[in-house]
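> My structure is below; once you've seen it, I'll send some questions.
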Amino acid sequence: FQSEEGIKSDVSEIGSTNGSRLSAGAASFVLAAVGVCLCTGLFASGFLLSRTELRNRSACREATAGFAGRGDLRDGCWLPRRFDRVMLLLVDALRFDFLRPNRSLANRHHWAGNVLAVDELQQSRPRHAFVAHVEADAPTTTLQRLKALLTGTLPTFIDASANFGGAALREDNLIDQLLGGAANRTAVFMGDDTWLSLLPGRFQRAYPFPSFSIHDLDTVDRGVERHLAEELQRTDWQLLVAHVLGVDHCGHRYGPEHPEMRRKLREVDALIRAMLQRMDNRTLLVVLGDHGMTTGGDHGGGSEDEIDAGVALVSNSRPLLGPEDALAMRQQPPRLSQIDLVPTLALLLGAPIPFSSLGAVPPALFASPGDRGAGARDALTVNARQVMRFLETYQAAYADLPATRLAELRADAAAAIGSDVEGMRRLLDDVKDACRSVWARFDEPAIGLALTAFAVCLAFGGAFFAGPDGGKGRLATGFAVAIAACAAAFAGRAALPPALVWGLPASALLGGAASLAARLLAASAAEAPPPDTGARLSQVTSFACALTAGFASLSPLSNSFIISEPSCLLYLLQTLLLLQAAVTCVAALRRARADGLWRKPVKSLIGHPCAISALLHAAAAICLRLAFGFTTCREEARGAGWCSDADDWLAASAAVSSQSPLLSCVLALLAFLAAFRWWLRRCGNFNGYSPAVLALSYLPVPIGLCAIIHWVLQAAGSPASPLLLRIGLALATAAVFILLLAPSTAHLERRPATSRRLQAIANALARGYDLAEVAPALCRDLLGDSGEDSDNQHRGYGMRFMYRTAACGLLLFACLAALLLAGHRAVPALLLCAAAAALHAELRSAQLRLGQGRPLAKLAGWPDIVFLLLLGWAAFYACGLQPSLSAIRWDPAFIAYSAETSGSAGRFFGGVLILSGMFWGQLLATMAAPLLLLLLPLTAGHLPFVARPKWRRLLPDQSSGDFLLTDLPPGTLAGAAAGVFARLLLLAACLALGSMAAAGWHRRHLMAWKVFAPRMMFGVIGCAATAVGAGAGLLCA
Amino acid sequence: FQLAIMGKLSYRVYWFIASVFYYHFLAVMFGAPFFSEIGGTFAFSLLLASLTVLPFLYITPFDDLNALSFANFLAFPSGAASYMADLAILGSYCSAVAVPLDWDRWWQRWPIPGCAGCLAGAGLGLAVWAGGTAAVRLTGGASKKNRRRLD
């Protein structure tokens, strides 16, 4: 084993090489980081559709519409009322061609020629049926479609609503307007329960059915049939909504080309016939698809088949259309936008148009014979005024639209409104296009460009940092060329063909990667590393680590792997762990062979290095496995039966007694605090009265008590007051500041002068102590003092553990703050993951000590980094979180502000607290990373502590502690820490890139908005958390 | 004499049983359910141990060595057995990829992919070894490295 001098020189070498690399490549690293941020922003702007909700509502008596004074809803608000009642039959995934007779196709396709009721009516009474295409906007998922159908707006992935809340719709919507707030209007609902979460409390009678299980084709439909038959007998309702899911589920399960599809569509036909039969003269029937389906039966994206839904409006007595229009529309069904139905239905039923609606009424439905287009003009005028009012209000609030475009629209509106029918239609289309271009379109070139540029930055940042030392100049040139290509593509993305926009930088990236690979190959061929088995082992390890990291970054490409990501993570972590144990075993055996212990018989396994590393591995593996017992199921997995909450141990123990999970969490936390205190005391840290010592000895317990009392109060059901959490957080912050400002816990004590010591010994002798007991102490004392000035002698406490005490203390307070934010569910996750990290570090340390060559050169290498990063994600899952929007925990926000009155600062802090309450694992793992540098001193060779004497001589059993780090030139340790952070960040960015690429690639996937996009957001935020942790850690370092 | 035989035999039996339980432990650690599939997991570990440890126990000469010095045991050149063991472990490791996929096939239930991967890996290992040996025999000369490996 190498001497301490060797260790010192190694550490300083690591620090200086990392430092010099950093200083040499600092500019490029910062450049790459900035590039990554820019790319993420570009990706988000191309992928995430964002819009802010307005809370305004249209009112019945309103002068803005220009038609005030029509009285109330009974007569019609903005236009005369034409129907009293409406039956809305929403058939999920009713594509337009499902609604057509298509008799020629019926033999070949199961989906064709089944819904004939509408067509028969259209043949017999063409003026009473209006059939049209309705084009849905992407994302074509049911929730987004329902929102669009109710509010008339272009939907987005994230509706940045005015405050945090559930799924309930807060914007002005069709149902609220149709009900008009009048008590005597009754609404009935049956079908998909999504409606009730969107519109709670609107329906007097509701028969909801769960919508999630796509394997169940019939439950919802049977229920709707049964209740529809009952409701059609009654006459007390004005609004009836029936939402059937069978067609959609059949599409997902079997696809449209399946006999089941024929059966389900015929059932829809039967439903329509039943409704037509019971329809009175003042009722309007609307049969509507919310989106279409692809030939594979899925939906979610924006392909022609998915957006082309069908709608049929049917009246009984009063004709809907003029004779010419009816004929023309039978020949050529018109194409509407889905949101056009909102103003249409509102005006037909005499209600005001919802405030945020962007739809345009089809004039044909409002024309009556002999009015010379006055009806259509009135309807369009009302509609155009409403849309312009919305546009002005929105622009005044958020200013999303370009000013020039808005000015054009205003001019058109001034010219057309009130007179020019065609002008108003054009105006409404233009407004829709303008808003869509801002809100609801994937910018595919931007997505591709962002991903490519991200990869460019990552590749070159990584190459600069970890690549060979030679040829940096050429690398820099390549980087500059690739970045220039990206910038050129970005500037010219409007003019260039889309494929070229990202193809250009992608080819630059490929070229760069190829030349880099060639360089590396040439370098490795030239070096020709000696065929040392140790080198081969480390090659295997790093190859396996690279594979693991690669799989972790690529796994978001499959929705199955995202849904069962906790299991995948566990698998990867266990792989790394087992690998380290195996390598340690082999290293120990090799060492034994080198030292000639090879051929001697083994009497006992106890104390054998292999057995010890197996034990360490087993302990770490059990910790990890237990931690993953605390994950919860995603709703998708639970619905499909892959996962049940019985696997969740906290939930299971809650079934035994409602208090037991909390109790065990509390006990575990107290035990952890006690153990930490014991460790500190054992390291001699509790001497003296320096601020750090005081903070470490007196603050952890009160903070822990704050958390515990809060949890108990919460469990007891008292209204949660954030006061205790605020106190705890304040204490933790104070402790962190104390430790940062005065980190030293070392305590120096003047040794008493020789004469006084001699006096003490004399006293001891006088008190009857045997000389034989006192003599050794006497000798030691005198020998220690020989030849030195005794007055300058000091005794130090806690010196050996100076650095690690400060680092661990900071981490402890960070952990406590995380627990305050994340709640008691985080206790097992935190403790188990921390134990796994410590055991893994121990294993690595043993392995490095056993290895030949310079162990410190591998300190905090890729294996440690990969393990730590994945462990951060493991902690995320182990405290019961999942990367889905429904799993976000909002509670920590209430620490920052109690009422909704607080302003944007409160919201910002609330957001920060929510995020750090969820991503504490990544933050802590990153902050713990520099501890890896203290790995060898930290673990202090526990292996020989256990090992038998025979094996012990393989290992150095003495450790000089942190002393060997004190002699290093200043900044070395910080430089080394910066290197560790750089690697962590590189890896975290790789993971984020994987999830972004998955979201971009699967933007048309059925699960895009349910699985991939949330995973992408969580991945990026996790990477950001790593960056924040790295920043904080650097500051501390 | 009989006792001595029994002793040697029982060492091998102990090692085999220990390896079965260790594989079971590893399978659970890698994510197999604790209780619900305990029979399946045990069958899997039995199979894996039979394909990986049993051949070594069969061919390793225990006479001249202490039974516990598995350093020797691991270092013993064993041709076909080591190919089989390596690839069986690799196969059962990689087969886990099939478990989480949402294809809803009967063969995705837990012990089945593991056992299938293990068997396939072992078969592949034997095939590779046989192929390599045949190639060496056919071409006549073998490099030193190959001979040592295939011995």
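Cβ coordinates are placed from backbone N, Cα and C, and glycine is handled just like the others.
Annotation source TrEMBL lists transmembrane segment at A:26-49, A:339-361, A:446-466, A:478-496, A:502-522, A:610-628, A:692-711, A:801-820, A:865-885, A:931-951, A:971-995, A:1016-1035 (among others).
Thinking about packing and proximity, how do these listed features fit into the structure?
Outside the transmembrane segment (A:446-466) by six or more residues, the chain places 21, 25, 28-29, 31-33, 35-36, 38-40, 42-43, 45-47, 472, 475, 478-479, 482-483, 486, 489-490, 493, 498, 501-502, 505-506, 508-509, 512-513, 516, 979, 982-983, 986, 989-990, 993, 996-997, 1000, 1003 with a CB less than 8 A from a CB of the stretch.
Listed as Cβ neighbours of the transmembrane segment (A:478-496) (distance under 8 Å, sequence separation of 6 or more from its ends, same chain) are residues 28, 31, 35, 42, 445-446, 449, 452-453, 456-457, 460, 464, 502, 504-505, 508-509, 511-512, 515-516.
Residues 566-567, 569-570, 573-574, 577-578, 580-581, 584-585, 588-589, 828-829, 832-833, 835-836, 839-840, 842-843, 846-847, 874-875, 877-878, 943, 946-947 of the same chain lie 6+ residues outside the transmembrane segment (A:610-628) yet bring a C-beta within less than 8 angstroms of a C-beta in it.
Residues 662, 665-666, 669-670, 673, 676-677, 680, 685-686, 720, 724-725, 727-728, 731-732, 734-735, 738-739, 742-745, 747, 805-806, 809, 812-813, 816, 819-820, 823-824 of the same chain sit 6 or more residues outside the transmembrane segment (A:692-711) yet have a Cβ under 8 Å from a Cβ within it.
With a cut-off of 8 Å between Cβ atoms, the residues of this chain six or more beyond the transmembrane segment (A:865-885) that come close are 545, 548-549, 552, 562, 565-566, 569-570, 572-573, 576-577, 624, 627-628, 630-635, 648, 650, 822-823, 825-826, 828-830, 832-833, 836-837, 840, 918-926, 928-929, 932, 980, 983-984, 987-988, 991, 1010-1011, 1014-1015, 1017-1019, 1022, 1026.
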